[in-house]
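Visitor: There's a structure below that I have some questions on.
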Amino acid sequence: MYIVSSNEKENIIEEQPEVLSKPRVLLLNLSWFGLSLMFLLLSVEVVPAQIRSLVGEAAKGRWLGGMVAAGAAVTFFTSPLIGMRSDRLTLEAGKRRPVIVVGTIALCIGLMGMALSSSKISLPEIGIIKTGNSTEICYRDLIAHRCAPYWNNTMPKVEHTVLKGPQPASILLPEKKVQTDFIYTDEPSGNLALYIVFYLMVTLAFATITVPYNALIADKSHPSQRGFNSGVMGCMILLGNVSGAAVGTCFTDMGVLGAYGTAIGVVMISVCVTVFTTKERKGKPVTEPVDCFAIFCGFWQPLKEHDFRWVFITRFLMQQGVSTVTGFLEYWLADMIQLPNCWNSSRSVAMMLLPMLFAAAISSILFGVVSDRIGRRKPIVIGAAIIMFITTSVLIFIRGPSAYFIAIIMASCFGVGFGSFQSVDFALVMDVLPDERDKAKDIAVWHQALILPNALATPIGGIIVDYFESVNCEVGLGYIILLSVTSMYFLLSGIFVTRIRQAN
């Protein structure tokens, strides 16, 4: 058992964080806005489109999953080391901010490399056919679209059915069919090997920023403000996601270089604001050496604590579901849903994310305040899990010309659940941290519950989609299985949070 000496007790009292004003809490969490904008814009919009252009339509799921898994593995093994190094820094500028600055510089270099190694993409184009002044609807043969890569490894010409006049909600009355010249191209465009190298660099740099950044927020969080701080953090994350989705609506116009340039600019500004407006004390020397054995023990030690372990599992399952949804949403829309106004899947996913993320941002702040007032976290997590389970399950069954609009409604409800979970996510781990003396290391372990789903969700989803689509692409069996598995992630998350003892 570790016994706290009198000198250590004095240090703990001396380093008790002060109560921050609301503007200072906002500035402290502002970097999450830029990081989240970048993450959503790239992971949901840009990277899937680049992978499709680099490897072709039939192999997109496997390559995307494999690349994300490799990046997550890098983060998994380096995050504890980054956290331990941060805890041991004794620079005058502090022990968190210098690491954040180094990570931001590396991130910007990696993003520029990703942009230049695959600067051209080929998106599915759908032409709009006009027949006078009549109302027209663009209709695609989704079965042919889904099955062509498995029939002959090529994509067919996109078929449009022009529907004149008002149509019933669930009945299509085609007047004529027209073949267009717009097709998918499977010819590789860009340098795949170089792209993967820069992707791994970006992943490592992202961990170098977020691990000490989470610890910095923990260092500055007074116990009475944990719920509010967590709510503001969740709001910044979700507002960044909303902004990323908004930028994504212009992705086809601004191109790859424009998207990456926007991400780099926003990240640099938001991180600089947090770094230069937050004060840190000089870190105190830690004599314990950092070696491979210490890293291994340091990683597993917090998971021996009962409550920390169940917080980890709960967050892991929740993020496993979220990572699956965000990773395959664009592909699901392209392969399963009739898109309005002849939009491509890139624009459609951006328009779908906007109401979802607005709802999430509002519920994040609301439930963060509610959590502090009622002093309870678990009921909010359970409610969030139920909402996300139901909405994901509904997506399995929607079909027809109104499917996209039903999906938007479900996405908004999903956002309410996701935002409420985000509002208490950080507060929950703060309530059960096993070791106050080594916050960055323990939070780095907790952060693996966000990283590991990226290592598992996308590869598992890619295998599910590619295999089961080859079994029965006509009904979209791959996506049916994928959404069924995803809904179970959310349900199990709500069940397992009840095992946490210390949090209410």
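Positions of Cβ are set from backbone N, Cα and C atoms, glycine also.
Per TrEMBL, the feature domain 'Major facilitator superfamily (MFS) profile' maps to 307-504. According to TrEMBL, the feature transmembrane segment maps to 25-44, 64-86, 98-116, 192-216, 228-248, 254-276, 310-329, 349-368, 380-398, 404-433, 445-465, 477-498.
What's the neighbourhood like for each of these?
Guide: When Cβ-Cβ distances below 8 Å are used as the criterion, the transmembrane segment (25-44) is approached by residues 100, 111, 114, 206, 209-210, 213, 216-217, 220, 225, 228-229, 232-233, 235-241, 243-245, 247-248, 251, 259-260, 262-264, 266-271, 273-274, 277-278, 326-327, 329-330, 349, 353 of the same chain, each at least six residues removed from its ends.
Sequence-distant neighbours of the transmembrane segment (192-216) (same chain, 6+ residues past either end, Cβ-Cβ under 8 Å): 28, 31-32, 35, 39, 47, 50, 54-55, 67, 70-72, 74-75, 78-79, 82-83, 86-87, 95-97, 99-100, 102-104, 106-107, 109-111, 113-114, 117-118, 271, 274, 278, 280, 426, 439-440, 443-444, 447, 451.
Listed by sequence, the residues of this chain that lie at least six past the ends of the transmembrane segment (228-248) yet keep a Cβ under 8 A from its Cβ atoms are 25-26, 28-41, 44-45, 217, 220-221, 254, 259, 262, 266, 346-347, 349-351, 353-354, 357-358, 360-361, 364-365, 367-369, 371-372, 415, 418-419, 422-428, 430.
Residues 27-35, 37-38, 41-42, 45-46, 50, 97, 100-101, 104, 107-108, 111-112, 114-115, 118-121, 209, 213, 243, 247-248 of the same chain lie 6 or more positions beyond the ends of the transmembrane segment (254-276) yet place their CB under 8 Å from a CB of it.
Long-range contacts of the transmembrane segment (310-329) within its own chain (CB-CB distance under 8 A, at least 6 residues past either end) are made by residues 40, 43-44, 48, 61, 64, 68, 303, 349, 352-353, 381, 384-385, 388, 392, 414, 418, 421, 425, 428-429, 432, 445-446, 448-450, 452-454, 456-458, 460-461, 465, 479, 482, 485-487, 489-490, 492-493, 496-497, 499-500, 503.
Packing against the transmembrane segment (349-368) from elsewhere in the chain are residues 40, 44-45, 227-228, 230-232, 234-235, 237-239, 241-242, 244-249, 251, 329-330, 333, 343, 380, 404, 407-408, 411-420, 422-424, 427: each is 6 or more residues past its ends and has a CB under 8 Å from a CB in it.
Using a Cβ-Cβ cut-off under 8 Å and counting only residues 6 or more beyond its ends in the same chain, the transmembrane segment (380-398) has close neighbours at 314, 318, 321, 325, 332, 337, 367, 370-371, 406-407, 410-411, 413-414, 416-418, 420-421, 423-424, 428, 480, 483-484, 486-488, 490-491, 493-495, 497-498.
Sequence-distant contacts of the transmembrane segment (404-433) (same chain, six or more residues past either end, CB-CB distance under 8 Å): 214, 217-218, 221, 226-227, 229-231, 233-234, 237-238, 305, 307-308, 311, 314-315, 318, 322, 325, 333, 337-340, 348, 351-353, 355-368, 371, 377, 380-381, 383-388, 390-392, 394-395, 398, 439, 442-443, 446, 500, 502-503.
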Visitor: Looking only at the recorded stretches 64-86, 98-116, 445-465, which one has the largest tally of CB-CB distances under 8 Å to the transmembrane segment (477-498)?
Guide: 445-465
Visitor: Taking a Cβ cut-off under 8 Å, which residues six or more beyond the ends of the transmembrane segment (64-86) line up next to it in the same chain?
Guide: 47-48, 51, 95-96, 99, 196, 199-200, 202-204, 206-208, 211-212, 215, 290, 294-295, 298-299, 327, 440-445, 447-448, 451-452, 454-456, 458-463
